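The structure appears right after this line, and notes come after that.
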Amino acid sequence: MSLPPRGTSAYDFSEESLPSRLSNPHHRRQRSDVAPPPPPPRRRASHTPRQTFSHYQSNSVGSDSSETVPTDNADLDDQESRYTVDQEAQPSQHDGQIAQGDKTEDGGDHSHSRPKLPLRARLAHFTWAWYTLVMSTGGLSLLIFVQPHQFPGLRQIGLVVYIINIILFVLVSSAMVTRFFLHPGTFKKSLTHQREGFFFPTFFLSIATIITSTQRYTIRAMSPDDPTPPGPPGLLWLIQAAFWVYLILTIIVAVGQYSFLFASHTFLLTNMMPTWILPIFPIMLSGTIASVIAGTQPLSQSLPIITAGLTCQGLGVAVAFMMYSHMVGRLMQAGLPDREHRPGLFMCVGPPAFTALAFIGLANSLPNNFDHDMDGLMETNMIRTMAIIGAGFLWALSFWWFGIAVVAVAQKPPKFFHLGWWASVFPNTGFILATISLGKEFQNEPVLWFASVVSIFLLGAYGFVLYHHVRAVIFQDIMYPGRDEDVEDH
């Protein structure tokens with residue numbers, strides 16, 4: 001290896017030294033005493049759209065995550081800057097869709113300020129889920145009526161709640177019609193949307209609570225074998241007609257909506273939510289309605305009502321059990337839902353609870369002389385005993401789901417209000433009603449007191465959810481683009 005002449009600097013670009021340096025490719029290695037310049041500092045990743053681009057840039061080659069693309073820092077800065085500007089320049093999603101970057105565990109688009117919108121624009125996001133308020137209020141009126149420990153004026157309070165529920169039903173229905181009138185095309189879109197469409201059956205659940213509450217607060221109870229009911233015959237006929245119309249419509253919903261879902265949407269079981277049970281819920285409550293109204297109907301009309309109610313109740317709980325298998329599989333594979341949707345787990349409490357309530361009510365509505373052949377096979381007391389046993393089994397399942405939902409919500413309470421919070425009221429109403437029915441059948445006073453205590457907690461839950469519901473409307477947390485059930489966020 002030739003060295004430069006003595007006295008010649010390594011950085012001397014004179015004519016004598018330049019050829020020797022150009023002809024020596026290892027010239028840089030000869031100056032080991034000169035330290036190389038330090039590498040540029042590495043930028044720390046931040047939770048901004050710039051990180052998203054860098055992550056994409058480092059993982060876009062091949063399937064090996066360790067293989068990266070060498071990119072000049074200046075070019076990377078320029079590309080990332082353009083990406084950030086493009087992200088910030090995206091228009092706000094006022095058509096009910098959220099940008100992917102805004103879908104968080106908060107359960108919707110909660111990442112930007114909310115400019116005030118006029119009522120007309122907000123009505124475009126008035127979804128079917130608003131009927132959860134109505135059916136929860138109706139369930140509360142029923143719960144007040146059947147309380148085992150009454151005090152003077154309690155039934156009058158229940159009557160007021162019943163009237164308020166009717167008013168709420170009219171107001172919500174009027175708002176829904178206004179939405180469809182002011183925003184053409186939203187009716188079909190609401191029924192076919194893969195999330196909001198599941199809440200369409202809550203309209204019929206609200207009607208179910210109105211029918212049963214009307215029976216409780218307008219017609220006195222009577223003996224099942226009394227052919228002359230004490231209530232007005234016209235009102236009895238009206239309730240009977242409402243039951244049969246309700247049954248026919250809910251059968252259409254149960255068959256039609258599931259048929260549409262099977263043909264038009266593809267859902268992953270890892271994303272399953274309890275709202276998948278809702279299309280079968282209304283037909284299942286036909287049995288609950290029958291258990292309430294059959295006892296006051298004439299004998300010739302009560303038996304068809306009992307038969308139809310038992311059949312529909314069996315259909316509903318059977319489909320719910322099939323959904324339960326998928327729900328448990330989803331929880332085992334994908335874990336609990338996001339915190340904003342965990343109150344929806346209380347929906348799983350409803351089917352076994354309302355079925356237990358229906359079993360006891362339908363058995364008690366049978367006439368004492370139901371065993372026409374007198375062979376003991378259809379003896380009324382035996383049927384009632386079997387109904388109580390079956391109701392006890394179903395109540396235990398309902399209690400298990402109740403515990404699962406309570407633990408899930410307690411682990412991660414929701415932060416932002418969603419109309420799904422009402423799931424913590426209506427299904428639990430069925431659980432308490434079933435508890436009261438079992439306590440009365442067993443003549444167990446501690447069980448009845450347990451039901452009374454839980455009723456107080458349910459009343460507190462109703463007030464808590466109602467407060468946040470009103471607050472969410474005022475502060476535009478709901479009825480706002482990207483924050484309602486007309487957008488998919490889970």
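Note: Cβ is positioned from N, Cα and C throughout, glycine not excepted.
Unlike curated entries, TrEMBL annotations are predicted automatically.
These come from TrEMBL:
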type: COMPBIAS; residues: 48-71; note: compositional bias 'Polar residues'
type: COMPBIAS; residues: 86-95; note: compositional bias 'Polar residues'
type: COMPBIAS; residues: 102-112; note: compositional bias 'Basic and acidic residues'
type: REGION; residues: 1-116; note: region 'Disordered'
type: TRANSMEM; residues: 123-145; note: transmembrane segment
type: TRANSMEM; residues: 157-177; note: transmembrane segment
type: TRANSMEM; residues: 198-217; note: transmembrane segment
type: TRANSMEM; residues: 237-263; note: transmembrane segment
type: TRANSMEM; residues: 275-296; note: transmembrane segment
type: TRANSMEM; residues: 302-324; note: transmembrane segment
type: TRANSMEM; residues: 345-366; note: transmembrane segment
type: TRANSMEM; residues: 386-409; note: transmembrane segment
type: TRANSMEM; residues: 416-436; note: transmembrane segment
type: TRANSMEM; residues: 448-467; note: transmembrane segment
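Scored on C-beta pairs under 8 angstroms, the neighbour of the transmembrane segment (448-467) with the top count among 123-145, 157-177, 345-366, 386-409 is 123-145.
Comparing 123-145, 157-177, 275-296 for CB pairs under 8 angstroms to the transmembrane segment (198-217), the maximum falls on 123-145. Comparison of 123-145, 157-177, 275-296, 302-324 by number of C-beta pairs under 8 angstroms to the transmembrane segment (345-366) places 275-296 first.
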